[in-house]
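As structure tokens, the structure follows; a few thoughts come after it.
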Amino acid sequence: MITGIQITKANDQALVNSFWLLDDEKSEARCVCAKANYAEDQVVPVSELGQIEYREVPLEMQSTVRVEGGQHLNVNVLRRETLEDAVKHPEKYPQLTIRVSGYAVRFNSLTPEQQRDVITRTFTESL
């Protein structure tokens, strides 16, 4: 069982007011935050903390991760005419964002050559 604690008294003053997660089954403690000597997420044997007094901190446990499968699809929905107009009148489309090789980019930030390339690759007559 995992218990959240705040150390209230310890021989090592760097531990006072630090927060930990205690794993009773493994006899380990995971540092949530401490003033010094311990890094966030560092796991140590409980015995390494020495003589301590603590108060329990309520933990909000979330259910385990449920994997349902599925896929992710990213679609650009626009017309060729919109991109061509954005080339001619960039001031009309300051927020026009497109996907290029998996990255989001402002269409107006592309060079004219890159803009033509995007239009050519995005809108084809046949597969």
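Backbone N, Cα and C define each Cβ position, glycine as well.
In Swiss-Prot this protein carries:
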DOMAIN    5-127  domain 'Glycine radical'
MOD_RES   Gly102  glycine radical
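Mean pLDDT for the domain 'Glycine radical' (5-127) in the predicted structure: 86. Annotation note: Gly102 (glycine radical) sits in a coil segment as assigned by DSSP.
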